[in-house]
Amino acid sequence: MRYISLLGATGSIGEQTLDVIRQHPDKFKLKAMTFGRNVDKAIPIIEQFQPEFVGCLSEEAYHTLKGHSFEYDVKMAAGDEANIEAAIYDAVDVVVNALVGSVGLVPTLKAIEQKKTIALANKETLVTAGHIVKEYAKTYDVPLLPVDSEHSAIFQCLQGEQAKNIERLIVTASGGSFRDKKRTELEGVTVEEALNHPNWSMGAKITIDSATMMNKGLEVIEAHWLFDIPYEQIDVLLHKESIIHSMVEFHDKSVMAQLGTPDMRVPIQYALTYPDRAPLPEAKSLNLWEIGQLNFQKADFDRYRCLHFAYESGKIGGTMPAVLNAANEMAVDAFLKGKVTFLQIEELIEKALNRHHVISTPSLQDIHEVDKETRDFVQSILT
């Protein structure tokens, strides 16, 4: 039995993680969970899974929870510290970090200090502070197990292989909601159109990131840290069907690929059961004859400028990826609220990157300060 702490239980990854836990009551038990402010979603989860600890970001949600009559005694906390409390909860073996945004960084570090196995779905943890997280993981001898389908695919392809034999990583990308549109057609696109992803069921922020290809850019930075591979050896390949989740090419030009129908529960479950596997009854088998053909296209950095920003930020390193991430979070939020157009997301990010003076080897405090400065700068443009 593995005891789970789930950070971000009411989000897309959180809900699919709960589905995996639900299908394997003999293997997993939810001991702790956190959520933001969606108390209507949280209460049924608490009642079904009966975690010992529940944390929420919103004080209002916390008071609603406190006023609810549960059939058992549950510990509760509110605010930013709640994620940390859940991450270091004593009875937990595995922490699933399904938080969205840079808020996921500190809970990850605290969980590593307590030698919890990390199942990482929060890209921003490695994007903003990859050098610190990797050093923590090495110091405390804690595995970082990827939950993203692309990184899980690479992780699976590398089982039994030696890192020294890797030629390059090939990270696949669906192309997002606007993959069939020319760049000139993007100016007037709506939020509703952007949120209509052709392949995956995801949260709003990551769906917009997929449309701009920033999501893939963040995944490139994440892959750099997870697998210790230079950016020059990480390629992005457009693949509309999302059947090949990623590939690894070795020095002898052999290529290993991991395939499957688009279902986030598969990589989530693999992270929870690793190094074993378990049946996933509701997952669909891959019948290639039904698909007929798979399509591929080279990523166009002029078409997807956010992908270019991510590669350049990663190569520069230091605090630049933290700026990239903070500016993107602010810009995407502004787009979702109707304050900027789709293409203005790129413009805001570029302005933030161009004004930043990089700190080469930042401390955690430096990263926090740069994050806040960047958000304040973008906000000053928006107001």
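From the backbone N, Cα and C atoms, a Cβ is placed for every residue, glycine too.
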Binding-site annotation, Swiss-Prot, 1-deoxy-D-xylulose 5-phosphate: partner of K123, S149, E150, S174, S210, N215, K216, E219 in H197, H251: H197
Per Swiss-Prot, member of G188, G203, G217, G260 binding NADPH alongside T10, G11, S12, I13, G36, R37, N38, N122, E124: G203
DSSP three-state assignment (helix, strand or coil) for E219 (1-deoxy-D-xylulose 5-phosphate binding site): helix
From T10, G36, N38, K123, N215: binding-site residues whose CA lies within 10 A of D148 (Mn(2+) binding site): K123
Between S12 (NADPH binding site) and E150 (1-deoxy-D-xylulose 5-phosphate binding site), the C-alpha gap once rounded to whole angstrom: 17
